[in-house]
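Straight from Swiss-Prot, the features:
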- SER126: active site, nucleophile (ACT_SITE)
- ASP302: active site, charge relay system (ACT_SITE)
- HIS324: active site, charge relay system (ACT_SITE)
- LEU56, GLN127: substrate binding site (BINDING)
- ASP280, ASP326, GLN330, VAL334: Ca(2+) binding site (BINDING)
- CYS229-CYS308: disulfide bond (DISULFID)
- 48-327: domain 'AB hydrolase-1' (DOMAIN)
- 1-39: signal peptide (SIGNAL)
Amino acid sequence: MVRSMRSRVAARAVAWALAVMPLAGAAGLTMAASPAAVAADTYAATRYPVILVHGLAGTDKFANVVDYWYGIQSDLQSHGAKVYVANLSGFQSDDGPNGRGEQLLAYVKQVLAATGATKVNLIGHSQGGLTSRYVAAVAPQLVASVTTIGTPHRGSEFADFVQDVLKTDPTGLSSTVIAAFVNVFGTLVSSSHNTDQDALAALRTLTTAQTATYNRNFPSAGLGAPGSCQTGAATETVGGSQHLLYSWGGTAIQPTSTVLGVTGATDTSTGTLDVANVTDPSTLALLATGAVMINRASGQNDGLVSRCSSLFGQVISTSYHWNHLDEINQLLGVRGANAEDPVAVIRTHVNRLKLQGV
C-alpha cells in the first residue's frame with residue numbers, strides 16, 4: 001500500500017513538473033532590450049550595470065512575448081537602474097565550451113563594451129545563480145557582485161528524483177525521447193530560437209551529486225561547509241577582485257504530517273480559496289514537486305530548491321512565502337495571498353547594491 005501510494009505521488013509529480021517546466025527557470029547575445037522606462041528617481045541607480053540571468057527552461061522573453069523577469073526590468077529602469085537581461089540556452093550545463101557560463105561571459109563583455117563600465121552586478125535566478133558564479137570564478141575582474149535567487153547551490157532533490165525515474169527504463173529510450181522533445185521546446189520558446197539545448201546535461205547539472213563536483217571546480221567563499229545547511233562569507237576576493245555575495249529564496253512549501261511513511265506538504269503562500277490555485281497552474285504543480293522533495297529529506301523548499309541549497313553569501317531572507325516561480329513574479333504576476341512582492345524585493349536589493357557603491 002505504501003509503495004502504491006508513493007508511485008501515485010511520483011507519477012503525478014512528474015506530470016505536473018512537465019506542465020510547469022516551460023515556465024521555470026539560445027545564447028542570443030544581442031544587445032536588444034525593451035525600451036527603457038523613464039526614470040522617476042535614482043533609487044536603483046547602481047554604479048555598475050545590472051544583468052539578470054535566467055534559469056532552467058528560461059530565456060529573456062518567452063517566444064519574444066512574455067518576460068522571464070516579469071515586470072522586473074522595467075521597474076528597475078523606472079528607478080534609474082541600467083538593466084540588461086541575458087538570453088542563454090534554456091537547457092544546458094554551466095561549464096564547458098558550449099555551456100551557459102561561457103555564454104554569459106560573452107554577454108557580460110558585450111554589456112561592458114556597450115556601456116563603458118568596467119564591471120557588472122549579476123543577479124541570477126535558479127540555475128542562473130550557478131551560471132553567474134561561473135563568470136565570477138573565471139573572470140573575477142568583470143564582476144562587482146553576485147546575487148542568487150532560489151539557486152540550487154547544493155543541487156535539487158527533485159532533479160535527483162527525475163534522474164532516478166529515467167534510470168528505471170533499462171533501454172534508455174525514454175531519456176532520449178523526452179530530451180529530444182525538451183530540446184525542441186527550448187528552441188521554440190527562446191527569443192532567438194537557440195538550438196544549443198541539451199536537456200540531459202541540464203538535468204545532470206542540477207543534481208545534488210553534480211553540484212558537489214561543480215562546487216569543487218568553481219569554489220566560492222559564499223558557500224558554507226557541505227552538509228551544514230549554513231551560508232558562507234558575505235564577500236570574496238578572487239584574483240584581487242572583491243565580490244559582494246547575496247542570496248534569498250522562497251520556502252512556501254512546508255512539510256506537514258507523515259502517514260504510512262509519506263510526508264504531506266502545504267503551500268504557505270496561498271490562503272483559503274486562493275485565486276492563485278485557479279489562475280496560476282504552477283501553484284499546484286510546485287506544491288506537488290515540493291512534496292516529492294520533502295519525501296527525499298529536502299525540508300522546506302520552493303518546489304524545486306530547498307532552503308539549505310539556496311544559501312549563499314549574505315542571506316537576505318529564506319522566509320519569503322514564494323514558490324520557485326513567485327521569485328521572478330511568475331506566472332504573469334499572479335501569486336498567493338500570503339506571498340510578498342518579488343518586484344519590490346529586487347528593487348530594494350538593487351538599492352542595497354547602490355548603497356554599497358557597486
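Cβ coordinates are placed from backbone N, Cα and C, and glycine is handled just like the others.
Following the DSSP three-state reduction, the secondary structure of GLN330 (Ca(2+) binding site) is coil. Around GLN330 (Ca(2+) binding site), a 10 Å sphere centred on its CB holds 27 further CB atoms from the protein chains shown. Geometry remark: GLN330 (Ca(2+) binding site) versus HIS324 (active site, charge relay system), CA distance 9 Å. Every protein chain considered, the tally of other Cβ atoms within 10 Å of the Cβ of CYS308 (disulfide bond) stands at 20. Taking the mean position of the Cβ atoms of ASP280, ASP326, GLN330, VAL334 as the Ca(2+) site, the remaining residues of that chain whose Cβ falls within 8 Å of it are ALA276, SER282, THR283, ASN323, LEU325, ASN329, LEU331, LEU332, GLY333, ARG335. Among the recorded positions SER126, CYS229, HIS324, ASP326, the ones whose Cα is located within 10 Å of the Cα of LEU56 (substrate binding site) are SER126.
Other C-beta atoms found within 10 angstroms of the C-beta of ASP280 (Ca(2+) binding site) number 25, with every protein chain shown included.
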